[in-house]
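Listed in TrEMBL for this protein:
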TRANSMEM  26-45  transmembrane segment
TRANSMEM  57-76  transmembrane segment
TRANSMEM  88-112  transmembrane segment
TRANSMEM  170-191  transmembrane segment
TRANSMEM  197-216  transmembrane segment
TRANSMEM  223-243  transmembrane segment
TRANSMEM  255-273  transmembrane segment
TRANSMEM  285-303  transmembrane segment
TRANSMEM  370-392  transmembrane segment
């Protein structure tokens with residue numbers, strides 16, 4: 001909830017830079033919120049839920065009314081410019097509405113373009129890629145058209161994909177995209193609700209299967225991260241068996257142990273030969289098999305959300321890699337750090353991988369030292385998961 005509030009408060013301010021875009025996206029999302037609340041009031045018989053959605057309407061109506069009035073003056077060519085005060089207020093209001101109205105997950109899908117813009121901006125916002133003061137598209141005075149730059153914003157990426165456009169036309173396109181995202185949310189929320197969990201399971205299986213293969217390139221890293229995650233899975237299963245009185249749940253965790261033990265045992269044996277300097281190299285076969293096994297274990301053991309937090313370094317590596325994997329930023333065949341034969345140290349490149357980013361932040365390291373640091377980070381991520389899962393469980397959902 002706290003992260004959602006921070007994200008919504010700042011996301012409209014980040015996805016900006018065109019006349020009418022900041023207010024326009026607020027109007028579209030506010031309209032979607034009102035429609036959602038009215039539908040939920042009509043469909044629900046629970047008085048408390050109806051009151052929560054009614055309260056949401058009371059807060060959203062003034063925001064939408066004032067935004068519509070301002071949009072008439074902010075539309076291209078703009079006579080009134082809105083700054084951080086409006087964008088932060090609008091985002092914060094909608095965050096409060098979603099949280100107090102008990103539809104935070106739906107709200108996040110309404111903010112899908114803003115989420116996409118944030119993911120595209122992440123390398124620059126984190127300082128991994130050089131970030132200019134203003135990340136606006138280039139304006140051609142001769143034609144009156146905008147051209148996308150290499151900066152990671154949805155505005156620039158849209159222009160690079162679909163070609164040059166006028167500011168007014170581009171704003172309309174982006175607001176239509178915002179409306180389509182809200183329509184997609186209604187499709188998920190009201191027609192495919194029973195299948196969302198299955199979709200999440202499918203995406204989790206694909207992610208886990210490939211994530212260890214992507215977060216690789218050092219002697220011992222692929223097997224090492226498998227051993228750390230497998231150990232965390234075993235500890236989690238033992239704790240759940242000890243804490244639960246539900247026989248079905250205990251059996252699910254026991255089954256998870258039966259699958260994880262052989263994986264961890266064989267991985268430990270291989271790690272002795274794969275550790276720096278490696279005598280045995282594991283390829284895609286091992287990494288895909290290890291990831292798939294842990295995905296199956298998490299899904300059949302009914303702890304898929306816990307598993308995803310165990311994979312936090314892999315999630316971070318994927319987010320850092322996203323611009324290159326999507327072809328937005330040029331992606332070389334190999335994204336390994338540079339090796340200096342004179343010193344035996346590795347230097348991070350500009351490629352978006354956790355290995356390179358770690359080197360760029362903490363300086364050059366030997367391959368063995370870097371692998372140990374990354375495995376310690378993996379262990380800390382698993383410890384963080386236990387903190388969330390077992391000490392802050394009452395705060396979740």
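Each Cβ is built from the backbone N, Cα and C atoms, and glycine gets one as well.
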> Under a Cβ pair cut-off of under 8 Å, which of the recorded stretches 26-45, 57-76, 170-191, 223-243 contacts the transmembrane segment (88-112) most often?
Replying inline: 26-45
> Restricting to the same chain and to residues at least six past its boundaries, which positions have a Cβ under 8 Å from a Cβ of the transmembrane segment (170-191)?
Replying inline: 18-21, 24-25, 28-29, 31-32, 35-36, 39, 76, 106, 109-110, 112-113, 146, 154-155, 158-159, 162
> For the transmembrane segment (285-303), which partner among 26-45, 57-76, 197-216, 223-243, 255-273 gives the most CB pairs under 8 Å?
Replying inline: 197-216
>> Under 8 Å between C-beta atoms and at least six residues away from its ends: which parts of the chain pack against the transmembrane segment (26-45)?
In response: 12, 53-54, 56-57, 60-61, 63-64, 67-68, 71, 90, 94, 97-98, 101, 103, 106-107, 110-111, 175, 178-179, 182, 185-186, 189-190
